[in-house]
Amino acid sequence: MISNSPDLESEYMDRKRQDSFGMFDGYDSCSEESTSSSSSEDSEDEVPSIPASLPIIKNNGQVYTYPDGKAGMATCEMCGMVGVRDAFYSKTKRFCSVSCSRSYSSNSKKASIMARLQGKPPTKKAKVLQKQPLMAKLAAYAQYQASQQQQNLAKSKAVVPVECFDWGRYICSNNLVGAPVSCFKHVPMGMCWGDLAEGVRVEVLNSDTNLSTKVYWIAGIVKLAGFKALLRYEGFDNDTIRDFWCNLCVPEIHPVGWCASSGKPLVPPKSIQNKYSNWKAFLVKRLTGAKTLPPDFAAKVHENMQFPFKKLMRVEVVDKTHLCRTRVALVEQVIGGRLRLVYEESSDDFWCHMYSPLIHAIGWSRSIGHRFKRSDVSKKIDGQMDAPAPLFAKVKDVDQNGEWFKDGMKLEAIDPLNLSAICVATVRKVLADGYLMIAIDGSEAADGSDWFCYHSTSPSIFPAGFCGINNIELTPPRGYTKLPFKWFDYLRETSSIAAPVKLFNKDVPNHGFRQGMKLEAVDLMDPRLVCVATVTRIVHRLLRIHFDGWEDEYDQWVDCQSPDLYPVGWCQLTGYQLQPPAAQMARETPPALPKQKKKAQQYKGQKKKSLLRLKEEPAEVDEFTFSQGISDQESNGSGSYYIKQEP
């Protein structure tokens, strides 16, 4: 509904001081100081007659409030007009009219740039867009939705702590490369990052100004590292003096055209305000043919930041004191998809990602025949519920009929208590649904309390000979003296057979990781920590992760699709605490982490303690014994590698 109040008419006259670009009239010839008073008048806070609960939108000089109604909305890819989706042209609903469709297909992008900057469509409009009052209402509704999304994003961002580690400086000073977000399918935006790359333009706050109100300017991506981008304001060309790093998923980043549609002013940085006499022509020239963020980018970020696991959900998770069994735990905290689990009947906690292979739905252990520590808790606390089975990561269905793993078969496996080592190992028990209980040769407890569970498709187990062919050091059984280790001799001496090569997972996805890429990685020996890390080696789908500043002995072998790897900027986006490199941490240990300087000692002590527990504490009697059962699960990527058979 149109409002005709005197205050709004006065506000409209003030708005005429701004042109349709959102830039101040006469700015090209005036100094920044001379426009500061008018910019204050243009502040959103100067509209007292509109109730705070009703968002406003300006359309052709008139002010409309948000209508009480809903409709499927669409945005024209040519002119940027927002309208009713069902009334848009063609089956794909990409354009508002035939003229926009033809203009787009003929690469007439100049009109599109002008339209987006001016916040209005080209002169040729579809009939459905010609009714200005209706369109103003629809546009007001769209703005209301956008404002709600921004508020939600702002709320989520409010919990993000100040970063104690400057990724931007670290990357620039060492000329480093961050792994792209598309390498991490499990993180927010990992599946919809698209073709964001250097050269994409965005609208951001202009920090190079003396104006008392917020103003914006267009910047281009100079360098990308995970979620973080090095931005440069348009007009600075090759001058790096005002370059700045920013997380692309925070609410302050907008697609080109956002200022015009939101009534925000575009003002050139004061350092270069006199560089061009006609900033409008400059922007049109620079933005013609350029890419920007999708219109729904902020909405997708917000949607991707919603996680299905909730506090007090019950799950089955590996018992960190006895790897051979699982026990019930409650979700206590969810941060960016990472779960802090507290064991039932205990105050001990355990961190893992919601897609970790270490957690399962209640009843999983019984269904496959895995050992399980029973709980004496007879009544659930109010609010507790079993996490639904569809929330958990699925594994590939396998056919255990015919040739399959058998007890006593030999293989190579990543040691879960020493993730830098791939060891000689043995299949100790074949469970249902493709799961195996594995033991490391030479350090096995007599009661099997140090066995651990891997699925037959797990990327953490390998056929005999894998390390030799791929030039990886294989850790021989403890106490084995016939070195160098040779599989043929060992199999003969132990009267064993190697598990057939064809039973192992040979899929190698096109993961995109490269040696030297930076990322944020969980220290799986202390999984509450996420650290600055580097990919130092790639063997098919296997990544060697090095924690910056620490010795190589703390490196870890991790699968390329591990949910414990994250892009640069993930911690900032989700509010998780990032551990800086050891050298920097020793110099600038933050108050919240005063003991991290002793990581090496903690590791050694932790590992000894874990091994001691595994060998000296017998498994309790209140557990299910190995039995067979059923479940439904499925799979991952493509590609293959080849391994020679031992003679």
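In case you wondered, yes, glycine gets a Cβ from its N, Cα and C as well.
What TrEMBL says about this protein:
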REGION    20-52  region 'Disordered'
COMPBIAS  28-40  compositional bias 'Low complexity'
DOMAIN    67-102  domain 'FCS-type'
REPEAT    165-269  repeat 'MBT'
REPEAT    277-360  repeat 'MBT'
REPEAT    362-477  repeat 'MBT'
REPEAT    485-581  repeat 'MBT'
REGION    587-647  region 'Disordered'
COMPBIAS  595-612  compositional bias 'Basic residues'
COMPBIAS  625-639  compositional bias 'Polar residues'
Next item on the list: Could you put numbers on the helix, strand and coil content of the repeat 'MBT' (485-581), residue by residue per DSSP?
Entry: 18 helix, 31 strand, 48 coil
Next item on the list: Would you mind splitting the repeat 'MBT' (277-360) into helix, strand and coil residue counts from DSSP?
Entry: 17 helix, 35 strand, 32 coil
Next item on the list: Could you tell me how many residues in the repeat 'MBT' (165-269) are helical, how many are strand and how many are coil under DSSP?
Entry: 16 helix, 29 strand, 60 coil
Next item on the list: Take the repeat 'MBT' (362-477) and count its residues per DSSP category (helix H/G/I, strand E/B, coil), listing them in that order.
Entry: 15 helix, 38 strand, 63 coil
